[in-house]
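What Swiss-Prot annotates here:
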- 9-31: compositional bias 'Low complexity' (COMPBIAS)
- 54-74: transmembrane segment (TRANSMEM)
- 313-324: compositional bias 'Basic and acidic residues' (COMPBIAS)
- 341-374: repeat 'TPR 1' (REPEAT)
- Trp625, Ser668, Arg688, Met689, His690, Arg735: 2-oxoglutarate binding site (BINDING)
- His679, His725: Fe cation binding site (BINDING)
Amino acid sequence: MAQRKNAKSSGNSSSSGSGSGSTSAGSSSPGARRETKHGGHKNGRKGGLSGTSFFTWFMVIALLGVWTSVAVVWFDLVDYEEVLGKLGIYDADGDGDFDVDDAKVLLGLKERSTSEPAVPPEEAEPHTEPEEQVPVEAEPQNIEDEAKEQIQSLLHEMVHAEHVEGEDLQQEDGPTGEPQQEDDEFLMATDVDDRFETLEPEVSHEETEHSYHVEETVSQDCNQDMEEMMSEQENPDSSEPVVEDERLHHDTDDVTYQVYEEQAVYEPLENEGIEITEVTAPPEDNPVEDSQVIVEEVSIFPVEEQQEVPPETNRKTDDPEQKAKVKKKKPKLLNKFDKTIKAELDAAEKLRKRGKIEEAVNAFKELVRKYPQSPRARYGKAQCEDDLAEKRRSNEVLRGAIETYQEVASLPDVPADLLKLSLKRRSDRQQFLGHMRGSLLTLQRLVQLFPNDTSLKNDLGVGYLLIGDNDNAKKVYEEVLSVTPNDGFAKVHYGFILKAQNKIAESIPYLKEGIESGDPGTDDGRFYFHLGDAMQRVGNKEAYKWYELGHKRGHFASVWQRSLYNVNGLKAQPWWTPKETGYTELVKSLERNWKLIRDEGLAVMDKAKGLFLPEDENLREKGDWSQFTLWQQGRRNENACKGAPKTCTLLEKFPETTGCRRGQIKYSIMHPGTHVWPHTGPTNCRLRMHLGLVIPKEGCKIRCANETKTWEEGKVLIFDDSFEHEVWQDASSFRLIFIVDVWHPELTPQQRRSLPAI
């Protein structure tokens, strides 16, 4: 309407303005008026488009653009990840995205910014600017040309400037520090871990043991490793591995599980940052057991991830200065050559991060074939094999990964961070398979390569402990404490060794101060166990305070029940009746045949052939206590059974005891004047039966938790030895009993087959 009104007023004005002029000028014909009305321009010029037509075309073009955009997104016609990744290389001012300021810099209208890129609070993380910017060289040329054309046009639209002739944007400014965040996540290189996305074992909740976790080394700071590589936006020439939760398979034949009461040997709680699982190697005709995977409590996990951090530890980590110390520089995993093939490495790593393990293995194998001197390609291959071993539960594949980690370390020009991570992971996986001596050699090499890294020396000390070499372990921790006297990890392990050497009072301050330090790897059930035990032996009443603290921190089921190799959910009580166990037939058989069992035991004693061996677990305060074992870890001792053939034949009828791989069947003789310290057994998976054979009338008693009982000849006592128990023999003659361990009645058949032996 406005346009039409203007046209009319224009005509009237023309008529009145000319007055009595010529008729051709003074009045317009209808045709002329129509021409003016529809063909004229609002400024009086003819021949242009009307406003209405212009608006219509504008709307058509806008709608066409909208629907085109919808079609592009809907049909996935453009790989936005790829395009955005291309735009990222033109981030000239380092603010993490491509905008008008970047365009001005590239067109020479603005000085290049030297400020640090701003990081949103949710993404804030300490990082270093890359030392060397390397253009991405492995992208297809046609994609790069297309991206450049898009960038050129976009630049000029945003700044309304003349096209810069002959300017090569890629040469003007190489790749900067922040590619797309999704790519960053996939660029992270464990796990195992651990991590490595956790692969849950295929067992029901009640079949999963309650794990007590230990962070075994102070190189824990580096051992968030092996799974995520560092974000390229912060350091494009490096990658940061992060521990994955790894659950693999244990070569049980290679590991001797020590009874927890034996204090002279550091138990093989293998593998920092991992949770141990086992695949039993069954006979080929029994495929069912081949898939048995049980989460074993002899596992080592970062305490911070698995347990509620105690107040003392919170006090330590809540300190801002302490947090600043924890922050570490992210490792650099790419050498100069690997930077030139970074795009190919990233593509292969992206497959691994997306869980396409088989494809990732093939991709890294191809990279190793093409670039045999590339440490990062070979490291990626090792990680993929590591992941594949986890996926397939294959020790054979894991052995291949261990070998590939070694190959990484043998290449020339390996970045120091990558070398350290490769060898640490190799050592970790060797321990996992029970190859303790091989792991020790790897740790020794690490210490030689990085002599100033005390965390590696702490790892080395653990390596010695795992093979029972307490003397060398002690030397290592003495060296660490001479350099860093407040190293809590070294303190608890040094105290552990002193206690194993029966230096009880001397061990207490090291164990206590080490736990109180809150350092990683110190919140370990074994250290609470041995600290409390040491205090009990010197008469320190604070022992139960530490047991209580260990219970609150999740290491013990209760103050009384302090076993560390446990299955969740099992009924827990100190004393049991035969009916409660369900093993009434076994109890009746033992009590009916107690004289037969007694006579064979006495005959073995009379032969004086040394079949009764002294107790060697350092459980006695004083006295003489010996044992004669018929079954151990579910295995019959044929030589021993020759001395008690009828007893062994009798027991063969009861698999709940002969098949108990977490217990023993044995004679136990204790002479007058013997006192056994308060102690607990290693596991809640068994119950212990005591059959009285030769019992003095008075002076012999046993306490379990807070109830004390005495033996009777021909009668069975049943208790759960995962509860604290203590024995006195103050009679005038020896005491002989027959000990029979049985599976806890609530364990399923599958658990009984699958649980590792103790």
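The backbone N, Cα and C atoms fix where each Cβ goes, glycine too.
Location within the structure of each feature annotated in Swiss-Prot.
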{"residue": "Trp625", "record": "2-oxoglutarate binding site", "Cβ contacts under 8 Å, 6 or more apart": "Pro614, Glu615, Leu619, Ser668, Ile669, Met670, His671, Thr674, Val676"}
{"residue": "Arg688", "record": "2-oxoglutarate binding site", "Cβ contacts under 8 Å, 6 or more apart": "Gly663, Gly681, Ile718, Phe719, Asp720, Asp721, Ile739, Val740, Asp741"}
{"residue": "Met689", "record": "2-oxoglutarate binding site", "Cβ contacts under 8 Å, 6 or more apart": "Leu586, Val587, Leu590, Val716, Leu717, Ile718, Ile739, Val740, Asp741, Val742"}
{"residue": "His690", "record": "2-oxoglutarate binding site", "Cβ contacts under 8 Å, 6 or more apart": "Ile702, Trp711, Val716, Leu717, Ile718, Phe719, Ile737, Phe738, Ile739"}
{"residue": "His725", "record": "Fe cation binding site", "Cβ contacts under 8 Å, 6 or more apart": "Pro574, Pro678, His679, Thr680, Ile702, Arg703, Cys704, Ala705, Phe719"}
{"residue": "Arg735", "record": "2-oxoglutarate binding site", "Cβ contacts under 8 Å, 6 or more apart": "Ile669, Met670, His671, Val694, Ile695, Pro696, Cys700, Trp711, Gln729"}
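Note on the repeat 'TPR 1' (341-374): mean pLDDT across this stretch is 96. A 10 Å cutoff on Cβ-Cβ distances gives Ser668 (2-oxoglutarate binding site) a total of 21 other Cβ atoms nearby, all chains included. Per DSSP, the repeat 'TPR 1' (341-374) is made up of 26 helix, 0 strand, 8 coil. The local packing around His679 (Fe cation binding site), expressed as other Cβ atoms within 10 Å of its Cβ over all shown chains, amounts to 20. Secondary structure at Met689 (2-oxoglutarate binding site), as computed by DSSP, is strand.
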